[in-house]
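Quick paste from TrEMBL:
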ACT_SITE  HIS100  active site, electrophile
ACT_SITE  GLU172  active site, proton acceptor
BINDING   ASN13, TRP14, LYS15, GLY178, SER218, GLY239, GLY240  substrate binding site
Amino acid sequence: MATARRRKIVAGNWKMNKTVPEALALVRELRGQVASQGDTVEVVVAPPFVALQPLHVALEGAPLALAGQNCHWESSGAFTGEISAPMLAELGCAYVIVGHSERRQYFGDTDEQVNKRAKAVRAAGMTPIICVGETLAERDANQTLAVVERQVRGALEGFEAKDVASFVLAYEPVWAIGTGRNATAAQAQEVHAAIRGLVERLYDGETAGRVRIQYGGSVKPDNAAELLGQPDVDGALVGGASLKAGDFAAIVQAAT
Ligand SMILES: O=C(CO)COP(=O)(O)O
């Protein structure tokens with residue numbers, strides 16, 4: 001497999017948190033704290049949709065990219081309450097998270113829908129951050145690699161190597177999300193290596209060497225360095241700890 005030098009990517013998934021004034025205050029703080037890491041680590045924030053436009057303006061020239069937390073697969077139409085990929089691109093988003101386990105659990109997102117969303121993101125010129133991960137019951141039943149493989153295959157269906165090489169995959173074990181119980185570095189590395197191996201089988205070594213794989217699930221300042229130090233862990237997708245500038249900046253620092 002090609003040993004490409006992958007630039008680490010740390011993204012904050014704010015989920016349904018922060019009003020617009022709170023979002024502006026958080027990025028104002030963050031901007032100062034992550035400014036110097038901008039070259040070695042890519043830093044991304046994914047606020048609620050309503051904060052995207054004000055943050056787009058506030059982040060002008062800052063080393064912080066914007067992401068949407070989800071999008072619909074059609075570009076427009078009668079889909080009340082939905083947001084399309086071109087709408088997110090217009091607001092300056094470089095990334096869109098698709099297939100987050102909360103979408104799969106609470107809103108019924110299927111592998112096929114995740115694939116359609118990822119295609120819409122790519123077609124709009126952005127990069128999908130495709131989330132996969134097993135539940136505790138699946139891990140206990142030794143199904144982890146089978147579940148993750150099914151999700152990755154489903155999400156990547158119909159994509160070519162050149163697309164996938166630029167994508168971000170995020171391994172987020174469901175049992176580690178918001179629980180304070182992170183996967184150990186060894187558990188994360190095992191699944192990340194399996195995902196990279198699968199990308200090599202589906203595409204080629206060059207693509208597998210370039211695709212970036214984030215770990216997510218209770219990433220905090222005190223466990224980030226060990227997780228991010230694993231050879232196949234190319235960044236972090238951070239929930240709770242991304243809501244505090246100091247904690248998020250410390251995780252970004254751990255990625256440098
Ligand atoms: O779901 C996550 C990021 O997408 C992880 O959330 P926590 O960091 O709060 O566990």
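In case you wondered, yes, glycine gets a Cβ from its N, Cα and C as well.
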Excluding ASN13, TRP14, LYS15, GLY178, SER218, GLY239, GLY240, which residues of the same chain place their Cβ within 8 Å of the centroid of the Cβ atoms of the recorded substrate site?
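Other same-chain residues near the substrate site: ILE177, VAL238, ALA241, SER242, LEU243.
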Which residue among the recorded positions LYS15, HIS100 has the fewest other Cβ atoms within 10 Å of its Cβ, if you could check?
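Sparsest of the recorded positions LYS15, HIS100 by Cβ contacts within 10 Å: LYS15.
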According to DSSP, does HIS100 (active site, electrophile) fall in a helix, a strand, or coil?
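SS state of HIS100 (active site, electrophile) = coil.
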Please report the DSSP secondary structure of ASN13 (substrate binding site), reduced to three states.
strand
Based on DSSP, name the secondary structure state of GLY240 (substrate binding site): helix, strand or coil.
helix
10 Å Cβ neighbour count around GLU172 (active site, proton acceptor)?
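I count 25 other Cβ atoms within 10 Å of it.
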Across all protein chains in the structure, which of the binding-site residues GLY178, GLY239, GLY240 has the highest Cβ count within 10 Å?
GLY239
List nothing but the one residue from ASN13, SER218 whose Cβ has the fewest other Cβ atoms within 10 Å; the candidates are the binding-site residues.
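The binding-site residues ASN13, SER218 were compared, and SER218 has the fewest Cβ atoms within 10 Å.
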